[in-house]
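K.L.:
Just passing along the structure, written as C-alpha cells.
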Amino acid sequence: MAPKLGYWKIKGLVQPTRLLLEYLGEAYEERLYDRNDGDVWRNEKFKLGLDFPNLPYYIDGDVKLTQSMAILRYIADKHNMLGGCPKERAEISMLEGAILDIRYGVSRIAYNKEFETLKVDFLNQLPGMLKMFEDRLSHNTYLNGDKVTHPDFMLYDALDVNLPPIKNYLNSNRYIKWPLQGWSATFGGGDAPPK
C-alpha cells in the first residue's frame, strides 16, 4: 500500500515533500482537504492514529508522522539523503534553516494586511539571502555537494527545469498551482492567482 500524504489543497508547507517524492518516483496517495473541509479534517484527525494530529501528515505503514520537516527528513533518510557523516548532516540542517528563514519571511508578510508595505523591506533583504545560495551553488552541483538532498527541494525553484521528474510533476494534473499560501493570505491566497 502506498504511503498517504495529507494536507490542505495548497502548496504550502508540504510542496517540498511532494517534489521529493516525485523526484524519487515513490508512489504515494494524497488526501487533500479543500478550504471548506475544516469539519472533515476535524472529524478525521483523531482517527488516523497520529501522535500529534496535524496537517501535513504522512502515513507509511506503521510510521505515522506530522510536521512538514519531520516528514521530509523521514523520506530523505529512507533514501539515504540525510548525509553520510555528522558534518554533512549538520550542513543539511543549516541549509534547512536558511531556506526556512526565507519561507517564513514570505509567510510572515503573505498573511499581513500590510503586505504591499512589508514586501518592500523583504525584497530589499532577499538578494542578500539568495546570494548565499548562489555562492554555495557556484562550487556545488546541488546545495550540499554533488548529491541532491531534501533542502534542494525546499529551494526547488532553482532546480525544477533541470530535474525531469520534477518537470513532469509540474506539468501533471497532480501539481497544485494555486494557492501558494492558505486561502486567507493577502499574498498567494484566494481561489485564483491575481490577474
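For all residues, glycine too, the Cβ spot is worked out from N, Cα and C.
Straight out of Swiss-Prot:
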- Tyr7, Trp8, Trp41, Arg42, Asn43, Glu44, Lys45, Asn54, Leu55, Gln67, Ser68: glutathione binding site (BINDING)
- Tyr111: substrate binding site (BINDING)
- 1-83: domain 'GST N-terminal' (DOMAIN)
- 85-195: domain 'GST C-terminal' (DOMAIN)
K.L.:
In the domain 'GST C-terminal' (85-195), how many residues does DSSP assign to helix, to strand and to coil?
P.N.:
63 helix, 2 strand, 46 coil
K.L.:
Counting across all protein chains shown, how many other Cβ atoms sit within 10 Å of the Cβ of Tyr111 (substrate binding site)?
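P.N.:
16, counting other Cβ atoms within 10 Å of Tyr111 (substrate binding site).
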K.L.:
Could you measure between Tyr7 (glutathione binding site) and the residue listed as 'substrate binding site' for me? Cα positions, answer in whole angstrom.
P.N.:
19
K.L.:
Got a sec? Which of these binding-site residues, Tyr7, Trp41, has the most Cβ atoms within 10 Å?
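P.N.:
Counting every other Cβ within 10 Å of each candidate, the maximum falls on Tyr7.
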K.L.:
In this structure, which of the binding-site residues Leu55, Ser68 has the fewest other Cβ atoms within 10 Å of its Cβ?
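P.N.:
Per-residue Cβ counts within 10 Å for the binding-site residues Leu55, Ser68 bottom out at Leu55.
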K.L.:
Look up Trp41 (glutathione binding site) in the DSSP assignment and reduce it to helix, strand or coil.
P.N.:
helix
K.L.:
Report the mean pLDDT of the predicted model across the domain 'GST N-terminal' (1-83), rounded to a whole number.
P.N.:
96
K.L.:
What count of other C-beta atoms do you get within 10 angstroms of the C-beta of Lys45 (glutathione binding site), across all chains shown?
P.N.:
15
K.L.:
Count the Cβ atoms, other than its own, that fall within 10 Å of the Cβ of Asn43 (glutathione binding site), considering every protein chain shown.
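P.N.:
There are 10 such Cβ atoms around Asn43 (glutathione binding site).
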K.L.:
Reported as an integer number of Å, what is the Cα distance between Leu55 (glutathione binding site) and Tyr111 (substrate binding site)?
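P.N.:
So the alpha carbons of Leu55 (glutathione binding site) and Tyr111 (substrate binding site) sit roughly 18 Å from each other.
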K.L.:
Among Tyr7, Trp8, Trp41, Arg42, Asn43, Glu44, Lys45, Asn54, Leu55, Gln67, Ser68, listed as contacts of glutathione, what is the widest Cα spread in Å, to the nearest whole number?
P.N.:
21
